[in-house]
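A.B. asks: Could you have a look at this structure, given as structure tokens, before my questions?
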Amino acid sequence: MGHAEIPLRPASASKSRSLKGDIRIPGDKSISHRSFMFGGLANGETRITGLLEGEDVINTGKAMQAMGASIRKEGDAWVINGVGNGCLLAPEKPLDFGNAGTGCRLTMGLVGPYDFDTTFVGDASLSRRPMGRVLDPLRLMGVQVRSEDGDRLPVTLHGPLAPAPISYRVPMASAQVKSAVLLAGLNVPGVTTVIEPVMTRDHTEKMLAGFGAQLEVETGADGVRTIRLEGRGTLTAQIIDVPGDPSSTAFPLVAALLVPDSDVTIRNVLMNETRTGLILTLQEMGANIEIIDPRQAGGEDVADLRVRSSELTGVNVPADRAPSMIDEYPVLAVAASFAEGETVMTGLDELRVKESDRLSAVARGLEINGVDCTEGDDWLSVRGRPDGKGLGARSEKAVVKTWLDHRIAMSFLVMGLASEHPVHVDDSAIIATSFPEFMDMMTGLGARIDIGSARG
Ligand SMILES: O=C(O)C1=C[C@@H](OP(=O)(O)O)[C@@H](O)[C@H](O)C1
Ligand SMILES: C=C(OP(=O)(O)O)C(=O)O
């Protein structure tokens, strides 16, 4: 059952006394998707520990199974026997990616060049999101595309008999587009080139190299990256331990900063520089975040974070930082609501095409909870109230609309933990797409969050 059919599960968060504890955040969503995909494609048996068992990632696993990979769970490990590069099977039914842009767009690249039909479907949120950004480069490789108006789902792809490699300059800052082109290149003879003017998360490049793909990355003096991948090579199974997701970490982290007398340690957090923009920004705002035991694990930087309540001050968040914190703006806007002075966030155009139009969803949610903010076409400014006085819902009717967007739901629940009045969200069921443990983990730290019954 997709989220379109699941009844909404409203929830409310109320002012909490203090958050205390030591937690381990579930695995990174980006790395988990790619672990299932590359393991499903490689020769041999890939073992994954720490995989995020959220709905988004599970849907990617089901898609890989539908295309021939064998996936099973043994104790804590996921064990995958891959089909071999170039050997995916035609799925018998449409692949349903639920709410997941990453699963859907990367798999379009992975299977698009194959000479058979593959149909992609998703929930109401995913069906509203633009797919042209991935379909355009696939068309250049010779892939036939059948889609609804405006390149929305459902989409059916059929690869050509002789796919051609392309050189593609990614027109927007998007790791999903970069990755889809590279994954398509895996099954195309010759060298596929991706030019990335603005660096985005680099998990695809790193992990493909780890699986043995012939891939090189060159960074120009101007920061422009050129990634070249030799197609039709062999991928070899790997052992993967997925580090904790910095995007999920953002919620208990901001909550601990905002709720007075809090002291929370978060273990095993991925600290890849393409993902740490939020931590940097919060530190600039005066956040007390201690980075403990920074280390390498499985080719990635990880660390433990000790977070204590802090008085925050508004800052300007530069546009060029957006790719390294793209999923964290909703919760940053919540942090800014409790900061002294104004926070201005720029370069936010990509927020309009996430699970919801996050710029507008955040601005509406802040407004109904008494926050003074301004929404621009690609920017947001927030004027905070350090004591949280007057913030929160003044009536039962002031319910944040979450639009099937997990990050909107979690961000506003965090807001309610430090506001004078409770904060209500119209749905919390969607949180299971990326962070099924969110409620238990937060309430375990002392957060007052109640799940209500469906409102009429
Ligand atoms: O490649 C990835 O794993 C992701 C890339 C980002 O999307 P875009 O590529 O659309 O920026 C991010 O928002 C998403 O949560 C995960
Ligand atoms: C944008 C997100 O994910 P996706 O694009 O995979 O749906 C997210 O998790 O915030």
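Quick reminder: no glycine exception, Cβ is built from N, Cα and C everywhere.
Just so it is clear, the model here is predicted, and its values are computed rather than measured.
TrEMBL feature annotations, pasted as is:
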ACT_SITE  ASP327  active site, proton acceptor
BINDING   LYS29, GLY101, ARG129, GLN176, ARG358, ARG407  phosphoenolpyruvate binding site
BINDING   LYS29, SER30, ARG34, SER174, GLN176, ASP327, LYS354  3-phosphoshikimate binding site
DOMAIN    15-441  domain 'Enolpyruvate transferase'
REGION    1-24  region 'Disordered'
A.B. asks: What is the total of other Cβ atoms whose distance to the Cβ of LYS29 (phosphoenolpyruvate binding site) is within 10 Å?
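C.D. replies: If we count other Cβ atoms within 10 Å of LYS29 (phosphoenolpyruvate binding site), we arrive at 25.
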A.B. asks: Which one is it, among the recorded positions SER30, ARG34, ASP327, LYS354, that lies nearest to ARG407 (phosphoenolpyruvate binding site) by Cα separation?
C.D. replies: ASP327
A.B. asks: Counting only residues 6+ apart in the same chain, whose Cβ is under 8 Å from the Cβ of GLN176 (phosphoenolpyruvate binding site)?
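C.D. replies: Spatial neighbours, sequence-distant, of GLN176 (phosphoenolpyruvate binding site): GLY101, THR102, ARG105, LEU106, ARG133, VAL134.
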A.B. asks: Which ones are near ARG129 (phosphoenolpyruvate binding site): of the recorded positions SER30, ARG34, ASP327, LYS354, which have a Cα within 10 Å?
C.D. replies: LYS354
A.B. asks: What kind of secondary structure is ARG129 (phosphoenolpyruvate binding site) part of, going by DSSP in three states?
C.D. replies: coil
A.B. asks: Given LYS354 (3-phosphoshikimate binding site) and ASP327 (active site, proton acceptor), what distance in Å do their CA atoms have, once rounded to a whole number?
C.D. replies: 9
A.B. asks: Quick one: mean pLDDT on the domain 'Enolpyruvate transferase' (15-441)?
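C.D. replies: Mean per-residue confidence for the domain 'Enolpyruvate transferase' (15-441): 98 out of 100.
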A.B. asks: For the phosphoenolpyruvate binding site, please report the maximum Cα-Cα distance among LYS29, GLY101, ARG129, GLN176, ARG358, ARG407 in Å.
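C.D. replies: Of all Cα pairs among the recorded phosphoenolpyruvate binders, the widest measures 19 Å.
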